[in-house]
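Annotated features, as they stand in TrEMBL:
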COMPBIAS  1-16  compositional bias 'Basic residues'
REGION    1-26  region 'Disordered'
REGION    96-116  region 'Disordered'
COMPBIAS  101-116  compositional bias 'Polar residues'
DOMAIN    141-439  domain 'Calpain catalytic'
ACT_SITE  196  active site
ACT_SITE  355  active site
ACT_SITE  379  active site
């Protein structure tokens, strides 16, 4: 059996016919890592962010079941624990198909075939389909075991304890319907929860069927032969659209048919109540919807990127008027909030304290010979909860506006929760502005909203891992430089008088709203401009010589965003946590009014040899010591084979200068020496000859020199390991470095000892030797027999 391995990323791109093929293959596809790439279809950009960036072939083998199996809770069975399941599998007489052996002890050719990456990453959740099929087979209405009809789903709301029961829509109203006519904002009536922020967003998207119906799949019913008691919705979460399946049981006050939470003003319509229930399940409980930001729901409903602006004091943008003009003219959803200041005055004017509104329009009229800018807002509570000040419905100001100007604004004199007010009154009374820009993830490519153009969008997927790339903020440049770095280029627009492009950058951490009360990490980012030829990561030395164009604040929120106007060029973004070694998955998104290209900065796996500087430093010392090492070798080597083993090597090294001046180093144990031997051994015999020994000796002196130049108190800070590898001539990719750091850095002390550094360097040298020397096929792919692979793997 042969094992083929592609040489490198750069080479694989040239060998697309061999390495990028999407045809089915036996076993794991050669291009299995392609499953990590985004799906750019005729519809939208989509990511499989549940897949770890450190994916291995073994991990790929589990993906099909993970991506296609519904997350349905099964009844507990006796002896059903994970431990029992593992033991049953381990001691089962029947081996899994892919573990079957033939008489020679080798794997049989009848191996499992796994889907190619294109099919694997396009798998959609089929939970709803399985639920529907199961319900029809059992002839029982669906009951969701993950979000049961009890207080655990409501959460800690003391006023409702013991006062709620659950009923299906048809038990609440015999004429229950999912939709009663076309959805509208009048279908959204806030209930007992303080989730006006959520209601405001739902009310807003009812205006845009393209947005609403990608969240709420059509053809759902609450009656007839297709009724199963199961309802499903789709929300955008952390880079991907996910399905949420619920049953249709809703909480009502005991002994009544009054729905406790969100409901429609039409008593027989239930889509809004069920949508709120699905979102509560997504967030954990109904309680978790109390208090929130419109920006969260906007993103979850659209996949857009949100900005938040403080409209109070120094936080108010100086160009707020121009911002509102720009945002209302582009493809955005906008929300605004009234804060808790000057409560009595605002209540007299019809505004509600700590309440969320939608901003639905912006315009300018001629008022008594002067331009007057107006803002249109909507209260999700509707009806009579409107602004009563200047420019409100039926106010005197409208008598001085021409009918054509009113028509251009879309002015309506109606008590429906929507109202106009002057820009000045808006800025005075609202404390928060939230803007959601729609990009490629928000709609199908051919869809549009009111003819407005969506922004171009890039998405990077990353993860901060302790001791690997979680370097923290820029106040310490050495660890800071280890953070993930992403490069993007803004293309020229082709005009001579090139204008700056609006660029919005956001870093989002994995959603933790389920852990209400919060443990969001403080996250942020910095943006640097670099040359068009930049291909590698910025080092600590390079970062010391340049200032970032922009740096965000570090905020413990789900997403931190900033906007900037930039000319065409090449830029690097470094997202970070506010404290080093904090772990979290994140996505980095860049929205721009101009076209862009992207690249994650990564190294190719290469060995460039020891630097001339180190050679010049050590050459004279090594030459004099090599003679004494040669004599010591002659004293201990086998008289016939003229070789030494790990025991002999340990004796020589423990009485050499290599052990000197190394704090907290216990010496060269036989275990360490057994790792060192294969790095220079020709035939993996467990012995080395004189030339191999002297080469190892010289090599180890360079490793010691590198270690000592970076050490503090006998150990090296873990964040310096990649720099140390580079100094030794080894450049490794982000994925390879992740494996190295997780293996050799002390996770508690965040350091690497001299002993572990030697283990690391010896194995790294062995691995590179294999890739450089091992046979290749005509496609330049490494070719291993199973025999070769096992020998090489087990010897290091």
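The backbone N, Cα and C atoms fix where each Cβ goes, glycine too.
TrEMBL: automatically predicted annotations, no manual curation.
Distance noted between the C-alpha atoms of residue 355 (active site) and residue 196 (active site) is 7 Å. Distance between Cα atoms for residue 379 (active site) and residue 196 (active site): 9 Å, as a whole number. According to its DSSP assignment, residue 379 (active site) is coil. The local packing around residue 379 (active site), expressed as other Cβ atoms within 10 Å of its Cβ over all shown chains, amounts to 26.
Within 10 Å of the C-beta atom of residue 196 (active site) sit 22 other C-beta atoms, taking all shown protein chains into account. On the 0 to 100 pLDDT scale, the domain 'Calpain catalytic' (141-439) averages 90 in this prediction. In this view, residue 355 (active site) is surrounded by 21 other Cβ atoms within 10 Å of its Cβ, with every protein chain counted.
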